[in-house]
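For reference, TrEMBL has these:
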type	residues	note
DOMAIN	1-325	domain 'PTS EIIC type-3'
TRANSMEM	23-43	transmembrane segment
TRANSMEM	55-79	transmembrane segment
TRANSMEM	100-129	transmembrane segment
TRANSMEM	141-162	transmembrane segment
TRANSMEM	169-190	transmembrane segment
TRANSMEM	196-216	transmembrane segment
TRANSMEM	255-275	transmembrane segment
TRANSMEM	308-326	transmembrane segment
Amino acid sequence: MLGLLTAFMVANQMMEKLGHTKYTINAGLTAISVFIMFIKPVIDANGMFSVEFNRFGPTGIIVGIAAGYMVSILFHLVGRLNPLDDSSLPDFVIGWVQNIIPIITSIGLTVFLTFYLNIDLFALVLLAFSPIQNFGQTLPGFVLLIFLMTFFYTLGISHWLWNGVKTPIFMAGIAANIAAVEAGLAPMNIATNEAVFTAGLITMGGMGATLTLNLLMCFSKSKSLKTVGRLTILPSIFNINEPIMYSAPIVMNPLLMVPMWINSITGPLVVWFTMRSGLLNIPSKMIQVGQIPAPLSSVMITEDLRAILVYVVLFLIYLATWYPFFKVYEKQRIAEEQSEALNG
């Protein structure tokens, strides 16, 4: 029932993010109804309702996202217009009207497209996403996506900005892997949330692999860097690097931005080739939690003890990447501290 759950959660969370808290539950329930229409149920002459049950599963995740977004847009438009807000009608009537309009519009539009125009919206959504999905599962697409998320993160723009792009790719990828394993085949998709975030190999310490930088800061000769490093090391262990991003700072700091960009290329390359060559298992279970410390999370999601070796190799690569840039930055900070001490 992953498709149903996804449809509800997307619409529910979109209403929360857009500030329409009064719509959260109704939008989620409407998205479930729309999703059921998307999978094109068949009603025979005897009134029997039947569907392809596999469409409710991992394959339906992308369609669930599409249904959730469609419902969210319609509810958002009504929320912005606020019909009857200035009227003298009782509040419960205004609330009822403001809810019923997007509900009827969402379900009515979907029913019209599915049953009157005979469009298989489920297949149409999968077809629309297939070019993005196919490119995202190539080596260039995989590396480019990670690099772009990291690049904008160093400019102070959270990688959550890319959710609309990466979520369909990652969700479809892991759904296909799950389906492949259930069919007795090998999983093939590396571009998944599990390989990028849960495994903690590409995002060791957070986006851009900042754990080794944090460790360098903990033993820095600069008092300020050492203090920041020790204050931010605990979140880094759990792959949360916002504290170090803004307190080191890495954001808008050319000396530390460049190695982070390099890591966003080398990390995906190492993970891609180790998984593609069979040196490390490709994740085939959906566990979308990125705050489990690696290499524990790496072994857990890949079900492969070789993940520890890959973790060590990447740790050393990231350390070697950060070290020269960090030493230059450390030298600058020490000079600044000495200057402040003399002038103080």
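The first residue you see is number 1, and the count goes up from there.
Cβ coordinates are placed from backbone N, Cα and C, and glycine is handled just like the others.
Beyond the transmembrane segment (308-326), the same-chain residues lying 6 or more positions past its ends with a Cβ under 8 Å from any Cβ of the stretch are 200-201, 204, 209, 211-213, 215-217, 255-256, 258-259, 262-263, 266-267, 270-271, 274, 279-280, 294-295, 298-299. In this chain, the transmembrane segment (196-216) lies out of contact with the transmembrane segment (100-129); the count of Cβ pairs under 8 Å, excluding pairs fewer than 6 apart in sequence, is fewer than 3. When the stretches 23-43, 55-79, 141-162, 169-190, 255-275 are ranked by Cβ pairs under 8 Å to the transmembrane segment (196-216), first place goes to 255-275. Only sequence-distant pairs (6 or more apart) were considered; of these, at least three Cβ pairs between the transmembrane segment (55-79) and the transmembrane segment (23-43) are under 8 A, so the stretches are in contact.
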